[in-house]
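Presented below is the structure to which this report refers.
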Amino acid sequence: MDAYEDDYMDQPDEWDREGLLDPAWEKQQKKTFTAWCNSHLRKAGTQIENIEEDFRNGLKLMLLLEVISGEQLPKPDRGKMRFHKIANVNKALDFIASKGVKLVSIGAEEIVDGNVKMTLGMIWTIILRFAIQDITVEELTAKEGLLLWCQRKTAPYKNVNVQNFHLSFKDGLAFCALIHRHRPDLLDYHKLKKENPLENLNLAFDVAEKYLDIPRMLDPEDMVNSAKPDERSVMAYVSSYYHAFSGAQQAETAANRICKVLKVNQENERLMEEYERLASDLLDWIRKTTPWLENRTTDNTLPGTQRKLDEFRDYRRKQKPPKLEEKARLENSFNTLQTRLRLSNRPAYLPTEGKMVSDIANAWKGLETAEKGFEEWLLSELQRLERLDHLAQKFRHRCEIHEEWAVGKEEMLQSKDFKSCSLNELKAIKKKHEAFESDLAAHQDRVEQIAAIAQELNALDYHDVVAVNSRCQRICDQWDKLGTLTAKRRQALDEAERILEKIDTLHLDYAKRAAPFNNWLDGAKEDLMDMFIVHSTEEIQALGDAHEQFKNTLPEADKEFNAIIGLANEVTRLSQSIGITKVENPYTTVHPQDLAHKWSDVKQMVPMRDKVLQDEMIKQQNNERLRRQFAAKANVVGPWIENQLDAVASIGIQMKGSLEDQLNKLHQFDKAVLQYKPNMDELERYNQEVQESMIFENRYTHYTMETLRVGWEQLLTAIARNINEVENQILTRDSKGISEDQMNEFRLSFNHFDKNRSRRLEPKEFKACLVSLGYNIREDRQGDADFQRIMSIVDPNHSGYVTFDAFLDFMTRETADTDTAEQVMQSFKILAGDKPFITAQILRQELPPDQAEYCIQRMAPYTGRDTVPGALDYMSFSTALYGESDL
């Protein structure tokens, strides 16, 4: 009430008995209030014709109040006397006053007397109370709330700015926007214009009356012709819109209430499921952990007991704290859930059997009972095992020292190393053996100590005594074996020393003769295996003469080889007599086997060298013939390709004749190239022979097969590209209506700025080209933005350059008309007889068969209210043709 009482309820001035309404406003109010009253009275099967006359007896006034309030008024007086009428009107006014409305300066007598001003004031008071007072938008009521509702609903619409209830509705667009916002199917707002207020108002009033059951309360002519339409009339009419559309808002409120209730229920269920899951996990962990804490046995080893202590500490520090937090979180979650259920009037939650908070507390108490004293027991067990382990460590330490010393000793004493060494090395081995004999005697006391500690561990019942006894026995057995092997090695070293002194003399003689002969063999092999590269018959002939001189020295070399091998055989015989398998010569690194292999290689390589020199002579003669053959042909084909390339390039640049003439010339070039292909095939055969002969240089020509292939491919590509470009230009010219002069102008401009003849322009070159064609691209920020828009059209892939095809397409689109989606859509509409859909039958009647089937397969079914079986949506299909939606 407070929101509008100040403006409309306290009205002693407004309803001054002596004052007069503006005639235009009075006319508007009478029409509007009469229509408003009839919109409610028709529910009771009646209506009024003259607002100041038909309410005078109070009967229809009481009926109106009963209809709009839904309440029963006192029984009316049925007499026709003046006091009967005043009594009825007073009953109506009393009912209005009972609803908290102050009636200022409005009395029953004025209504009975037909006072127009008082009657309109009374009806306005009724409208305020029963049609506008209950309107609430964001805590604003009555007029402000209704105004805010209009502003919110019409905010997205062009040319609508609702600031009041008079001028803001004068052009009719605000009424149309309110209808379109809630029922966009009733009118097309985007076709309306602000300059047609009568058309807009009539459309809104007709649609509201026909589809929304809102009678015409305003006159379009009065709205348009009034300098300021009557505010109360407009408010009364707009309130009917609010109530007509309030059902949608009520549905939204109901849906929100359901969502809120469901959300609370879902959250409660989630908390229940989370409690069950956490309770199950925690109880499972307690059941698995308790038996482990109750087990007070170990493996009787220090590492095993220490590991169990570490596991217990890990349990105390890492495993138990999170579980304790989980227990507290579980209890909090349970309490929170019960509180939420109580606040939302839901029954209390009862967990699954065995998962109550008390069950979890009892299980946790059992866990802590098992845990008590576990750590103290483990520490005392560790102390006992540490004392026993100390003696075992001492045993292991002494064993490790002895075993480390003994590593490799048996292999060393059994080694036959003296049978593969020099005399000096053998003397050193004997000295080393004497030192070992002294060391062996010194280790006798350590072995005895190990045996004594093993005996003590046996007496104390050490848990791993079996391993201790086994290790001690191995050490004693090894000690006995080392003594036997030491004596045998001393005897073998003495015998080997005597034989090696004889062999040393033979080694010295061998070394003096083998070294020079080995050097001669290496030089001979290098000469015979020497790789050579020659380019003429004279060079290969010189190599043959040098080889003949070498063959004359071979007989003398054979005698020296036999003498050297005889010395080596004598050394082998003496070594075998005492079992020495390998005796190295300390005076040389040249072995008899190496000399034999090298001498054999030299004798085999001589005839092979003869053959290589002969083959190379034949090869050089054939290579000379191939060079001359390839050069003769290449010197003809190369210039021909270069001339053809120049001629093809000049066609696009010079632009002589029409596009058809240029196309004919290009086809002639293409035919000539195909006819010349056998010459390239012949060159390929010559080149294959050259490559198979490994010829890499040709002093008779500067052309290579690779350069000729590249030139040939460039020629084919240039012809094909030029033919394609000219055909595309002809197609563009014919389809876009471009004249020959315009086409030539485009090509001339592009070629002028294509300095390197790459058939594409950089962005700067493209911009200069557009300027040369008359485009006004300013040198400022706006000009840069315009140019970037053009670049996005001609270079959609952002390659950084503009091809001639893209340039030509852009220029033709700029200078020619094109079909649009709207034009295609309008054409389909004509075929469909102005219907929003079309059928397959019409398409097959009006279009060629292939195009009709193309449309039928791709058109989506029409889903409008006025659809018929087989109806197709040609609007979305037309939009998709131009890339504005998906087919």
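Here the Cβ of each residue, glycine as well, is placed from N, Cα and C on the backbone.
Cβ atoms under 8 Å from those of the coiled coil (261-288) belong to residues 323, 326-327, 329-330, 333-334, 336-337, 340-341, 344, 346, 349, 351-352, 354-355, 359-360, 363-364, 366-367 of the same chain, restricted to positions at least 6 beyond its ends. The coiled coil annotation in TrEMBL covers 261-288.
Counting residue by residue with DSSP, the domain 'Calponin-homology (CH)' (27-131) contains 71 helix, 0 strand, 34 coil. Annotation comment: TrEMBL describes 27-131 (among others) as domain 'Calponin-homology (CH)'.
Across the domain 'Calponin-homology (CH)' (140-246), the model assigns an average pLDDT of 88. The annotation domain 'Calponin-homology (CH)' is assigned in TrEMBL to 140-246 (among others).
Here TrEMBL flags 741-776 (among others) as domain 'EF-hand'. Under DSSP, residues within the domain 'EF-hand' (741-776) fall into helix, strand and coil as 23 helix, 2 strand, 11 coil.
The DSSP breakdown of the domain 'EF-hand' (782-817), given as helix, strand and coil counts, is 25 helix, 2 strand, 9 coil. Annotation source TrEMBL lists domain 'EF-hand' at 782-817 (among others).
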